[in-house]
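S.K.: The structure is given below, and queries will be raised subsequently.
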Amino acid sequence: MGGVEDEEPALKRMKLSSKGLVALSNGSSSKEPVGGLSRDFMARALPSKGDEQVVGSKGVIKKEEFVRIIAKALYSLGYGKSGAHLEEESGIALHSPGVNLFMQQILDGNWDDSVATLRKIALADESVVRSASFLIWEQKFFELLNGEKVMEALKTLRTEITPLCINSSRIRELSSCIVSPSPRLDIVRVRSRSKLLEELQKLLPPTVMIPEKRLEHLVEQALILQRETCPFHNSLDKEMSLYSDHHCGKDQIPSSTLQILEAHDDEVWFVQFSHNGKYLASASNDRTAIIWEVGINGGLTVKHRLTGHQKPVSSVSWSPNDQELLTCGVEEAIRRWDVSTGKCIQIYEKAGTGLVSCTWFPCGKYILCGFSDKSICMWELDGREVESWKGQKTLKISDLEIMDNGEEILSICKPNSVLLFNRETKNERFIEEYQPITAFSLSKDNKFLLVNLLNQEIHLWNIEGDPRLVGKYKGHRRARFIIRSCFGGLKQAFIASGSEDSQVYIWHRSSGELIEALAGHSGSVNCVSWNPANPHMLASASDDRTIRIWGLNSLHNNYQNVPTNGVHHYCNGGS
């Protein structure tokens with residue numbers, strides 16, 4: 001069965017305090033005899049010295065709660081004497097005498113008395129009392145069984161656990177422990193009494209027993225909130241301190257042009273970093289795609305120029321392992337390339353219809369393609385068709401994504417609608433917009449979708465369950481072309497977008513605040529891509545035939561001596 005009690009004698013688990021048993025810290029507890037148990041059992045407010053009922057300048061922190069939480073933290077940190085002194089000096093006890101007695105009875109294994117004391121604490125919710133009693137009687141049951149007192153354990157099951165009329169499935173599991181000589185280990189939950197007390201603490205109201213690490217939790221919440229509301233937080237190296245409020249400057253945002261890549265001979269329509277951030281792929285109206293390699297110092301150089309398409313290349317898609325790349329020609333064919341050699345491995349095409357979009361399955365064994373006849377097809381890497389979905393599944397010009405589970409496909413099925421199609425269940429969900437949709441982008445965690453609209457707005461949708469509109473971003477310009485946006489930065493806390501006014505726009509994702517409009521391009525910015533491995537690197541593709549690599553101002557001087565290889569370097573806004 002395994003032991004259900006600590007090996008150490010009870011006194012080694014206890015920490016003495018002049019105020020009685022006041023905390024459970026590191027599996028420890030303390031005890032001093034508690035006197036009269038009438039009114040003291042009630043879960044009531046405890047008296048305190050002084051007239052001040054609140055602390056802090058805002059008047060929202062109750063003094064009693066504040067002191068009790070500090071005392072709890074002191075005991076949890078092992079500062080028992082300090083905790084006891086705080087209770088004594090403030091006159092505010094961490095726990096009432098009744099709760100102290102209850103805790104000690106649990107640690108001593110006085111099961112019947114502990115259940116009786118639990119009822120005297122006068123909890124308002126009877127279901128909590130029954131659930132807590134169930135855990136206590138269950139512990140008694142296992143300890144009796146462990147001591148080979150089978151008949152007493154059976155009596156506890158019949159007369160104490162079963163009458164509670166809760167968790168019938170668990171009661172059947174406990175019964176199996178009586179019948180089977182070797183019960184399953186997942187049924188026999190071997191735990192110490194201090195562990196039981198921690199579980200009981202989660203059931204009881206926090207006014208009765210303050211949750212473990214409550215102060216740490218509150219402080220962490222405050223720090224996380226400061227970080228999430230900081231409009232410029234974009235660095236893992238930015239340490240947070242309790243000594244001052246958190247604040248980042250704009251120097252954490254990639255707003256300086258570090259490189260201008262000029263290897264394309266016509267408009268650049270699409271850019272995308274590889275998953276590992278080591279490469280950038282670009283697609284152009286010049287019918288080529290280029291794989292750029294990100295050097296150790298952050299500079300980009302041409303690795304391979306991919307030729308063979310008979311029409312402009314509209315998009316690219318990296319394989320899950322970044323070893324292969326798909327390129328999609330405008331209503332032409334899709335080509336699969338080996339990233340290391342730059343050689344074309346496979347050409348995918350279908351007679352009588354053109355391919356307009358492509359993406360990889362998460363397993364890397366299949367690809368997904370959208371056709372000009374509005375159908376979607378799943379292919380094996382060798383070009384064999386596995387499955388096809390006919391009907392209004394995608395538009396002539398469309399983005400295509402698939403969830404990481406390999407089940408749900410996302411496409412623009414109508415001018416105003418994004419289809420979320422489950423290929424296993426055939427279930428369909430829709431994002432309905434009031435304006436035509438021009439492009440979309442899926443977040444890394446698959447929980448959000450960024451939708452670009454014809455009316456110069458970008459909408460953020462939560463697509464867990466029923467899709468919900470949760471954010472809007474405005475300021476960029478879109479009148480004639482497909483303009484793409486992306487998630488990016490540390491924990492994808494930012495939204496970036498191209499714009500027909502030749503600028504790159506960056507918003508804070510949570511607040512929707514526009515924090516940067518980056519000038520430098522001389523033509524429409526068609527697409528942006530944020531390096532997933534480097535929150536300080538952003539790429540933008542433009543009709544001016546260039547790709548700009550944006551980074552921190554502090555890094556600008558480090559890029560002056562990067563080898564050219566089709567790359568030219570300018571200051572921000574230079575030409």
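Cβ coordinates come from backbone N, Cα and C, glycine included.
Per TrEMBL, the features are:
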type   : residues : note
DOMAIN : 95-152   : domain 'CTLH'
REPEAT : 261-294  : repeat 'WD'
REPEAT : 306-347  : repeat 'WD'
REPEAT : 494-517  : repeat 'WD'
REPEAT : 518-554  : repeat 'WD'
S.K.: Could you give the number of helix, strand and coil residues in the repeat 'WD' (518-554) as assigned by DSSP?
M.R.: 2 helix, 17 strand, 18 coil
S.K.: Taking 3+ C-beta pairs under 8 angstroms (sequence gap of 6 or more) as contact, is the repeat 'WD' (306-347) in contact with the repeat 'WD' (494-517)?
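M.R.: No, the stretches stay apart by this measure.
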S.K.: Report, as numbers and ranges, every residue of the chain located at least six residues beyond the repeat 'WD' (494-517) whose Cβ falls under 8 Å of a Cβ in that stretch; write 'none' if there are none.
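M.R.: For the repeat 'WD' (494-517), the nonlocal Cβ contacts are 228-229, 231-232, 234, 250, 253, 255, 450, 452, 458, 460, 471-481, 483-488, 523-528, 530, 538, 540-542, 544, 548, 550.
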S.K.: Give me the DSSP three-state residue breakdown of the domain 'CTLH' (95-152), ordered helix, strand, coil.
M.R.: 46 helix, 0 strand, 12 coil
S.K.: What average pLDDT does the predicted model assign to the domain 'CTLH' (95-152)?
M.R.: 92
